[in-house]
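Student: The annotation region 'Catalytic N-terminal' is assigned in Swiss-Prot to 1-207. The Zn(2+) 1 binding site annotation in Swiss-Prot covers HIS78, ASP140, ASP196. The active site annotation in Swiss-Prot covers ASP80. Among the features that Swiss-Prot reports, Zn(2+) 2 binding site is placed at ASP140, GLU174, HIS379, with the record citing experimental evidence. Annotation source Swiss-Prot lists active site, proton acceptor at GLU173, citing similarity to another entry. Residues or ranges marked as region 'Dimerization' in Swiss-Prot: 208-318. Per Swiss-Prot, the feature region 'Catalytic C-terminal' maps to 319-409.
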Amino acid sequence: MDKLLERFLHYVSLDTQSKSGVRQVPSTEGQWKLLRLLKQQLEEMGLVNITLSEKGTLMATLPANVEGDIPAIGFISHVDTSPDFSGKNVNPQIVENYRGGDIALGIGDEVLSPVMFPVLHQLLGQTLITTDGKTLLGADDKAGVAEIMTALAVLKGNPIPHGDIKVAFTPDEEVGKGAKHFDVEAFGAQWAYTVDGGGVGELEFENFNAASVNIKIVGNNVHPGTAKGVMVNALSLAARIHAEVPADEAPETTEGYEGFYHLASMKGTVDRAEMHYIIRDFDRKQFEARKRKMMEIAKKVGKGLHPDCYIELVIEDSYYNMREKVVEHPHILDIAQQAMRDCHITPEMKPIRGGTDGAQLSFMGLPCPNLFTGGYNYHGKHEFVTLEGMEKAVQVIVRIAELTAKRGQ
């Protein structure tokens with residue numbers, strides 16, 4: 001389908017891994033390389049109003065080819081890959097007509113197995129694009145990037161009626177910074193879709209409410225031989241804090257609409273310790289209750305400490321559940337579902353146990369649910385995407401554009 005695979009393989013060859021804890025946006029130079037490449041390709045394709053901001057947001061417009069009061073709609077993907085696993089020297093493997101069983105990843109012992117990933121049973125006969133076991137693939141979200149670019153080429157080269165189509169490619173989504181610098185007014189769409197989901201048919205408009213919790217613990221270190229009544233072990237305090245957190249409300253024990261507390265990192269010595277949690281919940285009241293719970297735990301464990309020893313807790317909200325914004329505009333979901341059905345796809349409405357740029361954008365005035373890309377197992381060496389799934393995503397994007405035009409004519 002019009003260079004879809006070629007585009008995808010080109011994009012994943014560029015190392016665009018983002019980096020957390022960096023002030024600049026984009027956080028890595030590699031993202032600029034892909035953004036500049038996309039800008040050049042958009043220019044060659046004949047799009048207009050192409051801008052690349054100093055914060056690495058690339059925007060462009062495919063002008064309407066029909067008249068009428070047709071709303072401008074947008075499609076958005078991010079160019080960075082996760083910091084969780086290497087994205088350097090990605091070497092994709094193409095497995096045509098998958099016949100089942102294990103797929104060897106490279107020349108080592110790594111395999112992609114239907115025992116661990118049963119979804120493979122549903123993909124027999126399809127073309128799978130996998131890693132070589134040494135890196136992630138980057139389908140999150142270069143599959144989305146390639147799909148949007150291919151959909152633009154299809155719309156540009158065929159007499160398919162559409163209104164103004166706005167596209168944007170953002171940096172640093174994986175570290176939560178991309179959408180913060182997104183100029184919704186300049187984008188000019190009434191609503192948009194991120195193309196950043198998973199398997200074929202996924203349509204997501206609910207995501208976690210999210211917060212980060214940083215805990216600083218200051219103890220008192222003395223020689224252990226003379227420590228009685230004097231030593232305050234910061235690591236012991238950290239252990240007590242974590243013991244108070246509900247063990248059955250962790251990522252590894254929850255699913256669906258269940259929220260969790262997740263101890264993401266902990267480091268320290270007797271003298272000082274730091275803990276970093278993330279809190280997630282779909283329900284706003286439960287989300288607030290989880291934050292209060294963490295404050296109560298810190299207060300309880302810190303009670304009675306010497307004034308020079310203390311526990312300091314800082315909670316920062318990261319993003320909120322976009323459901324409350326998207327459901328105000330039900331036609332956005334109706335059009336996407338109809339587009340999928342028209343492409344012989346059964347829509348699968350499911351909550352995102354995570355977040356997308358669309359969550360932040362929805363609260364910035366741009367309602368923005370999430371469409372599938374055809375990818376699986378993101379952020380690791382078992383990541384893969386199906387060519388057929390990517391082709392379906394292109395078809396759905398094109399059909400959404402066409403259905404929106406019909407509504408406005």
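First residue shown is number 1, and so on along the chain.
Glycine residues also receive a Cβ, built from the backbone N, Cα and C atoms like all the rest.
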Student: Suppose you look only at the region 'Catalytic N-terminal' (1-207); what would the mean pLDDT be?
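Tutor: For the region 'Catalytic N-terminal' (1-207), the model's average pLDDT rounds to 97.
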Student: For ASP140 (Zn(2+) 1 binding site), what is the tally of other C-beta atoms lying within 10 angstroms of its C-beta?
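Tutor: Taking every protein chain into account, the count is 26.
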Student: So among GLU173, GLU174, HIS379, all listed as recorded positions, which is physically nearest to HIS78 (Zn(2+) 1 binding site)? Use the C-alpha atoms.
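Tutor: When the Cα distances are compared, GLU173 comes out closest.
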Student: Which number gives the other C-beta atoms within 10 angstroms of the C-beta of HIS78 (Zn(2+) 1 binding site), all protein chains shown included?
Tutor: 27
Student: Using C-alpha atoms, which one of the recorded positions ASP80, ASP140, GLU173, ASP196 comes nearest to HIS379 (Zn(2+) 2 binding site)?
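Tutor: Closest candidate to HIS379 (Zn(2+) 2 binding site), judged by Cα separation, is ASP140.
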Student: Taking just the CA atoms, what is the gap between ASP196 (Zn(2+) 1 binding site) and GLU173 (active site, proton acceptor) in Å?
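Tutor: Their Cα atoms are separated by 10 Å.
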Student: For the recorded Zn(2+) 2 site formed by ASP140, GLU174, HIS379, which further same-chain residues have Cβ atoms within 8 Å of the site's Cβ center?
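Tutor: Near the Zn(2+) 2 site, the remaining chain residues are THR81, SER82, ASP84, LEU136, ASP141, TYR378.
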Student: Whole-number Å only: compute the distance from the Cα of GLU173 (active site, proton acceptor) to the Cα of ASP80 (active site).
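Tutor: Rounded to the nearest whole number, the Cα-Cα distance is 7 Å.
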